[in-house]
Amino acid sequence: FDFFQLSFAATTPELADKKKYPYFFRTVPSDNAVNPAILKLLKYYQWKRVGTLTQDVQRFSEVRNDLTGVLYGEDIEISDTESFSNDPCTSVKKLKGNDVRIILGQFDEEMAVKVFCCAYDEEMYGSKYQWIIPGWYENLWWESWINSSQCLSKNLLAAMEGYIGVDFEPLSSKMIKTISGRTPQQYEREYNAKRGDGQSSKFHGYAYDGIWVIAKTLQRAMKYLNATNKHQKIEDFNYTNHKLGKIFLDAMNETNFFGVTGQVVFRNGERMGTIKFTQFQERKEVKVGEYNAVADTLEIINNSIRFQGLEPPKDKTIIQEELRKISLPLYSILSALTILGMIMASAFLFFNIKNRNQKLIKMSSPYMNNLIILGGMLSYASIFLFGLDGSFVSEKTFETLCTVRTWILTVGYTTAFGAMFAKTWRVHAIFKNVKMKKKIIKDQKLLVIVGGMLLIDLCILICWQVVDPLRRTVEKYNMEPDPAGRDISIRPILEHCENTHMTIWLGIVYAYKGLLMLFGCFLAWETRNVSIPALNDSKYIGMSVYNVGIMCIIGAAVSFLTRDQPNVQFCIVALVIIFCSTITLCLVFVPKLITLRTNPDAATQNRRFQFTQNQKKEDSKTSTSVTSVNQASTSRLEGLQSENHRLRMKITELDKDLEEVTMQLQDTPEKTTYIKQNHYQDLNDILSIRNFTDSKDDEKAILKNHLDQNPPAQWGSSDPSRTSKDPIEDINSPEHIQRRLSLQLPILHHAYLPSIGGVDASCASPCVSPSASPRHRHVPPSFRVMVSGL
């Protein structure tokens with residue numbers, strides 16, 4: 001009939017379809033009118049990710065569908081769309097599972113109670129969440145439906161606290177005169193006065209403005225007819241007059257005035273009204289803002305809206321990755337300890353180089369000691385690299401450090417303990433020489449041994465680097481709340497140096513180092529009985545291996561368990577390296593330093609053996625060479641002691657015979673005409689076993705008698721009387737025999753004593769006690785010249 005209709009209360013979005021209802025107008029905004037206001041609110045707080053929860057009713061479904069169209073293209077994501085019929089808890093759980101923080105709800109009062117009960121159970125309320133729901137519910141609406149829910153009133157109110165309701169504004173809040181000449185506030189007072197005790201309706205202002213819309217439409221139509229066609233009047237209207245119906249339709253669309261509900265404007269028959277925002281605060285709804293659809297502006301009342309947190313909720317869980325880094329004060333403290341350790345190692349190096357010519361240091365292989373110090377300093381240096389992480393260096397540099405610190409620590413360990421075990425092997429090789437042959441092992445051979453150990457290390461490390469190099473990996477941990485209370489979640493990340501087959505490569509390195517430690521323990525055990533302190537470091541090597549082994553096992557286990565705590569892990573690794581390196585260096589050098597300051601000779605003396613002059617000369621040519629017997633062989637030692645006792649008994653018997661012959665020669669030298677054959681045999685035995693020693697006075701008398709009877713002949717002179725005699729008779733005469741014995745026996749005495757445990761060939765006098773047998777008496781000064789000449 002081309003008859004237009006005007007409604008002041010019909011809000012259903014279905015009536016907005018102009019293809020079905022081209023002549024329908026309404027002064028009240030439709031339910032869809034809140035969607036532009038919601039869009040403006042989302043943009044105001046920069047919420048770009050939302051979720052919807054809708055009751056399966058056509059009215060609410062149409063609003064949600066329109067909202068989807070409004071948000072489309074506005075850079076706002078609807079991350080999840082949920083709907084329910086009776087039980088909303090499943091949908092609420094899904095929203096939480098999808099990390100929806102801003103929820104746009106469309107449901108009635110009864111379902112709203114159930115929704116907020118589920119939200120309380122899922123902890124979807126408070127500072128991290130914001131609910132936006134319809135605002136047209138009745139006052140204290142939850143009290144009517146609380147009994148139908150299964151949650152307590154206080155829990156429901158806790159979940160409801162802070163929700164924002166969106167609805168049209170019943171009356172304008174502006175104090176401006178309307179088309180009727182009244183302000184909205186004056187109109188409201190007059191309305192309440194005329195209403196009396198009657199029930200109030202929130203649509204009365206729209207009904208009032210609707211009357212003014214009709215009046216203004218008719219007025220404009222009459223003016224148009226009077227201006228264009230004076231013969232046609234408004235009273236001529238009928239339902240078949242399409243031309244007049246078109247005039248009314250155009251006049252209705254041109255409506256624009258300020259009424260008690262705000263600016264009255266139609267767009268495609270829809271009222272462009274004012275949308276208000278209310279917030280549930282302390283059991284009541286408080287107006288916090290309004291949206292003007294005509295001007296497309298949002299106004300938030302100052303300090304009226306209150307969020308549960310310090311700031312508006314985030315539209316999603318803000319995940320801030322935070323690198324778990326090593327504390328700078330901790331790194332500084334451990335670096336200072338490392339520097340002290342390196343200074344100590346440098347002091348040991350200076351001590352070793354300065355005293356390298358001292359017998360104590362020379363016998364302990366100074367070159368090997370330098371390698372031990374070098375290995376310790378490399379181990380110290382690796383601590384600086386272990387403390388550098390992503391907070392100090394870039395990702396590429398960190399990946400390079402993964403390889404460098406592994407190489408330095410591995411090479412330093414092998415250098416230190418390899419040198420220590422190499423010089424222990426030399427002592428083992430010399431003192432376990434069962435053939436009792438002189439054995440010289442120079443430092444060059446020990447350097448080759450250490451180089452071989454390092455070569456094995458390099459082969460392993462090069463294969464590791466080529467086949468499966470270390471890479472920087474990032475391990476992410478579970479999210480943690482922000483310690484500062486912000487609405488963000490902290491996801492800790494930790495850098496690691498790893499590769500594909502990390503376990504295999506570590507197993508190879510640990511196996512090689514373990515075998516090296518076992519080899520060192522074996523050498524320390526085998527050389528434990530070496531009685532020269534300057535050579536025997538077995539006790540200190542055993543202590544070093546024990547400390548290093550225990551600390552490495554404990555450190556590796558604790559370091560693995562504290563993998564997610566970089567400060568604890570770095571502290572343990574650094575302290576283990578510092579402790580092991582410091583203990584090893586101190587055990588090697590502190591005893592030497594103390595001995596060198598107190599009694600340097602005691603450390604170089606064997607408690608069981610003395611070195612001969614030839615052996616000392618050999619020591620000056622090489623770093624250390626020692627010839628000794630195998631003291632660990634008990635059976636051989638017992639045999640040597642038995643043989644020694646037998647020889648001593650025989651020497652005692654021969655001493656008696658020697659003294660008897662000497663007395664005979666001194667008492668009757670002029671009467672002796674011959675020497676018995678058995679006396680010659682006894683003298684031969686004496687000369688083949690040991691020396692002959694006479695008393696001091698007798699030796700002087702014999703030497704004096706010999707010099708008196710036979711003065712030294714001048715060079716080139718001859719005795720004619722002697723040449724006339726028979727040479728054989730002259731040589732075997734008793735006088736010649738007495739002279740030969742008086743001169744040769746003291747010489748042989750000093751020449752053969754060292755071979756049977758007597759004086760050293762370098763001694764000026766026999767190194768024996770005065771209380772010994774006659775063969776141990778001191779040599780007269782006159783015989784010292786003979787010994788030197790010999």
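Just so you know, glycine gets a Cβ as well, placed from its N, Cα and C.
What TrEMBL says about this one:
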type: TRANSMEM; residues: 328-351; note: transmembrane segment
type: DOMAIN; residues: 330-612; note: domain 'G-protein coupled receptors family 3 profile'
type: TRANSMEM; residues: 371-392; note: transmembrane segment
type: TRANSMEM; residues: 404-425; note: transmembrane segment
type: TRANSMEM; residues: 446-467; note: transmembrane segment
type: TRANSMEM; residues: 504-525; note: transmembrane segment
type: TRANSMEM; residues: 545-561; note: transmembrane segment
type: TRANSMEM; residues: 567-590; note: transmembrane segment
type: REGION; residues: 612-642; note: region 'Disordered'
type: COMPBIAS; residues: 622-636; note: compositional bias 'Polar residues'
type: REGION; residues: 705-732; note: region 'Disordered'
type: COMPBIAS; residues: 711-721; note: compositional bias 'Polar residues'
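Long-range contacts of the transmembrane segment (446-467) within the same chain, counting only residues at least 6 positions beyond its ends with a Cβ under 8 Å from a Cβ of the stretch, are 365, 367-368, 371, 403, 406-407, 410-411, 414-415, 418-419, 422-423, 425-426, 505, 508-509, 512, 516. Recorded stretches compared: 371-392, 404-425, 545-561, 567-590; the one with the most Cβ pairs under 8 Å to the transmembrane segment (504-525) is 404-425.
Across the domain 'G-protein coupled receptors family 3 profile' (330-612), the prediction's mean pLDDT works out to 79.
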